[in-house]
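**Q** From TrEMBL, for reference:
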type	residues	note
ACT_SITE	Tyr157	active site, proton acceptor
BINDING	13-41, Asp67, Lys161	NADP(+) binding site
BINDING	Ser144	substrate binding site
TRANSMEM	6-27	transmembrane segment
Amino acid sequence: MATEGQKVVLITGCSSGIGLAIAVMLARDEMKRYYVIGTMRDLKRKDKLVEAAGGAYGKTLSLLTLDVCCDESVKQCVDSIRDRHIDILINNAGVGLVGPVEGLSMDEMMKVFETNFFGAIRMIKEVMPDMKRRRSGHIIVISSAMGLQGVVFNDVYSASKFAIEGFCESLAIQLLKFNIIVSMIEPGPVHTEFEMKMFADVSKKEYAGTDPETLHHFRTCYLPSAMNIFQSLGQTPEHIAKCTKKVMESPRPPFRNLTNPLYTPIVALKYADETGNLSVHTFYHLLYNFGGLMHISLSILKCLSCGCLRRRAISPT
């Protein structure tokens, strides 16, 4: 149970990856400013979180069952919290989907939207009225750089993130009237077990109904480039957790928060040309015509990024 002065933080999708990292980092806050309620669909998967939390489990961290795709589960979870009091809601639960659209079923596509879009909305709808009454609260959504720039063969996943970005951008305006802040956390590639398993699975999948040429482009152009991007530019869940914590503790939390500065020029490219042709054609050429150059460019960016980080570490403050 939260003590006086602690902020109650509810986080969805805490069994692994980003959700687990955020829950552990906040629960182990040295000043014990947060009481974290980590949630997951099946508490049988709690072992990793409990182990990582160490002595914080049972003190500044508790666990509840929650399925963001179920109205009743969402209500029961929030009702079980003392006075339904949640200071910070972190919508992290999400699923991915990669592959040619022709080879994806409608059920697969709807599952992505049910979790990434409607799941976040269920949580917001349940928590928001109490925040409005208190005229206080912070709603955080773990979105994606793909919610700002579409990526080939990630059509449905990107669409779900574009949808939640638009929803929250609209909602953020009226919630300011109630002193409620909305923030989007927008990672690029993140090294998690989920992503690695996904790449392994999609490389074997047949994608029935997809023409041979598209399958060839997916397997020989996209997949090698995507794996190279993850290896070159990928961040850790702990890095995303640090970015999230920084946003939470900011006196004026920004609405949009790209966690990887190397993605800033990619997003800027999109808005540099109102027709959209510049970004579409640039990514087309990078994928299909300059595959080797893309790999070299990623290596250079990685080296430059490491150099910048080293300079920051040794420069005087």
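Heads up, the Cβ atoms here are built off N, Cα and C, so glycines get one too.
Give me the local environment of each listed feature.
**A** Sequence-distant contacts of Tyr157 (active site, proton acceptor), defined by Cβ-Cβ distance under 8 angstroms and a gap of at least six in the same chain, are Gly96, Leu97, Val98, Val112, Asn116, Ser144, Met146.
Counting only same-chain residues six or more apart in sequence, the Cβ atoms lying under 8 angstroms from the Cβ of Gly13 (NADP(+) binding site) belong to Gly19, Thr39, Met40, Val68, Asn92, Ala93, Gly94.
Packing around Ser144 (substrate binding site) is summarised by its Cβ count: 28 other Cβ atoms lie within 10 angstroms of its Cβ, all protein chains included.
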**Q** Out of Arg33, Arg41, which of these binding-site residues shows the lowest number of other CB atoms within 10 Å of its CB?
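**A** Selected from the binding-site residues Arg33, Arg41 on minimum Cβ neighbours within 10 Å: Arg33.
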**Q** At 10 angstroms around each C-beta, which of the binding-site residues Ala21, Met25, Ile37 has the fewest other C-beta atoms nearby?
**A** Met25
